[in-house]
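Engineer: Can you keep this structure in mind? I'll have questions shortly.
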């Protein structure tokens, strides 16, 4: 952290109030994933959000929470229209082709949506018109004349991606609706400077045109209170405050196009893609309910807030505190949005404003994933710098391996890097060496020695250990930590390996009660691991379930099954995971390097995201999601080299974290420095999920004077960048204690 942050952390303390019931609740839950643009092929960087959503949905169901997991393809918007025109096909046929591809690809990776629709289907078109009509009737939509980019040579209006230019806020090159190369801000029509048509390459001109606006500014008070209630990852909770607490601008919700959902009573305008795209969450839930029956899942109970809609006056910035209280804000279900962090603004400002004004349930939580890099650099589909989803499968790797890597390789909101060498290391050491090794050796030994599970009671100590793992799993769900959900099973497997190794049952005779007890405990541990690991590695869990001779479907059992006695007889198992040879890594790394084309400009990665995951070029690159932070000027005063040498900067590994009582921003961090452990106090609690930091490599100032902060001794300083406290780390795996020079 900076010295300013360090000083402020010593001065500030705030408290939080938990307002929502923990999962599982009696209300229906809807878990959604950001809609992928039906615009190109999927690579593994795109899959992080969808794997995370699938894991979280499965985990909720495991706890007994009534849950619908839904998403769909985004068929509309200018990127689809632009690319369809380049291919000489209609936008609908272009988008449908990619939609059908996604319908095939997601299940191949164990991503099992309860419903996967698309924004151009009849259900979503009707639902969109219904909600927009509700906004109009409530007085939240008005007409305004604005400047709109126009190409005289093409005789065409230029909405969104049909125009490029300069961002008025930071001066970077930008698209018509987004500063994608600079500050990341959403741009309204008419804002972009020096506009250029992407159709002809000519300079565009601005002409006045009437468009429809949604009065987001009238909901500023509501949005501020909504953010106070919002759960999820800390980036989704904190990033929107700068927008909501600033000068909130109304939102242009129409475009001059013929591809999209028509604006009511005006066939010359279509709705902006960010209006109809999130409504697909509701439409997809409705389709699911219609398929299974409302007795199984009632979509209205999940999505509808209160009868009717709020009028402009009752839901405006003049809302009373009573109108914004949690008791009458949210009368529907538990809505959890799982997205990429580049679309936080849409899901925490525009979308909840629409829902609230139209009388629908506000989101309970938004979980925003970090980006994924590929061997330290951004994915670039235009340069073929990517590991494609179909390529991963064609190389013979099981989807569960990638699911585990994406779920547990860092916290969900943190950026993570994919490399074939790191992938091999995680698979061989953790899946093969820890989880697979324990389950295989336990089941094999029990099958050979006892034909299955010894007929003795589970020991109290192992039962308590499984209960602890169940508690950790449940806590992970309620803390919105995908990593913690996966770690619960892995830590139980680590315990199992230590347990069987300590007791060495192979040295005992079959009539020794101790041998029977140890193997009874180990088989129960194996079953518990399968139950807890199913959300992360569903296919592997299914195999363990079958190897145990269990009946029924492991994908539908409750978490309490982890403590139900396993069958007494089963056959010898097969090995769960296979090691990846080092030569495979060399082969795959070389294959990637050989095919990557030279960059055409200074950018290492393409960026093209609109309603979720834009797969035409790429998403999840390493650029900042907003870059709206003001950069401090570089200090004029210099220090000499001797002064710099006085700083003892060390690589450290975080081994323990906990919040400091009565200090909302402070956390106690214990780090391993190789030769000793140190305790630090850091003001990062509101910016990071503390559990996700365990095992992270960081940089600290090791020779800073000790300080007492909120009664806790701090022996060093954790270094981080910017207001979001982006923790400094090393590119390679430097050992704890390594000096930084």
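Glycine residues also receive a Cβ, built from the backbone N, Cα and C atoms like all the rest.
Small disclaimer: the values here were computed from a predicted structure and weren't measured.
Swiss-Prot lists 1-25, 309-329, 591-629 with the feature region 'Disordered'. Positions annotated as Zn(2+) binding site by Swiss-Prot, on the basis of sequence analysis: 167, 170, 179, 183. The compositional bias 'Low complexity' feature in Swiss-Prot is assigned to 311-329. Positions annotated as ATP binding site by Swiss-Prot: 381. The compositional bias 'Acidic residues' annotation in Swiss-Prot covers 599-611. What Swiss-Prot lists as domain 'tRNA-binding' is 643-741.
Buried or exposed, and what's around them? Tell me for each listed feature.
Structural biologist: In this view, residue 170 (Zn(2+) binding site) is surrounded by 15 other Cβ atoms within 10 Å of its Cβ, with every protein chain counted.
In the three-state DSSP assignment, the secondary structure recorded for residue 381 (ATP binding site) is helix.
The DSSP breakdown of the domain 'tRNA-binding' (643-741) into helical (H, G, I), extended (E, B) and coil residues amounts to 7 helix, 41 strand, 51 coil.
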Engineer: For the domain 'tRNA-binding' (643-741), what's the model's average pLDDT?
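Structural biologist: Reported value for the domain 'tRNA-binding' (643-741) is a mean pLDDT of 83.
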Engineer: Between the binding-site residues 167, 179, 183, where is the Cβ count within 10 Å the lowest?
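Structural biologist: Fewest other Cβ atoms within 10 Å, among the binding-site residues 167, 179, 183, is found for 183.
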Engineer: Quick one: of the binding-site residues 167, 170, 179, 183, which has its CA closest to the CA of residue 381 (ATP binding site)?
Structural biologist: 179
Engineer: Residue 381 (ATP binding site) has how many other Cβ neighbours within 10 Å of its own Cβ?
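Structural biologist: Residue 381 (ATP binding site): 21 neighbouring Cβ atoms within 10 Å.
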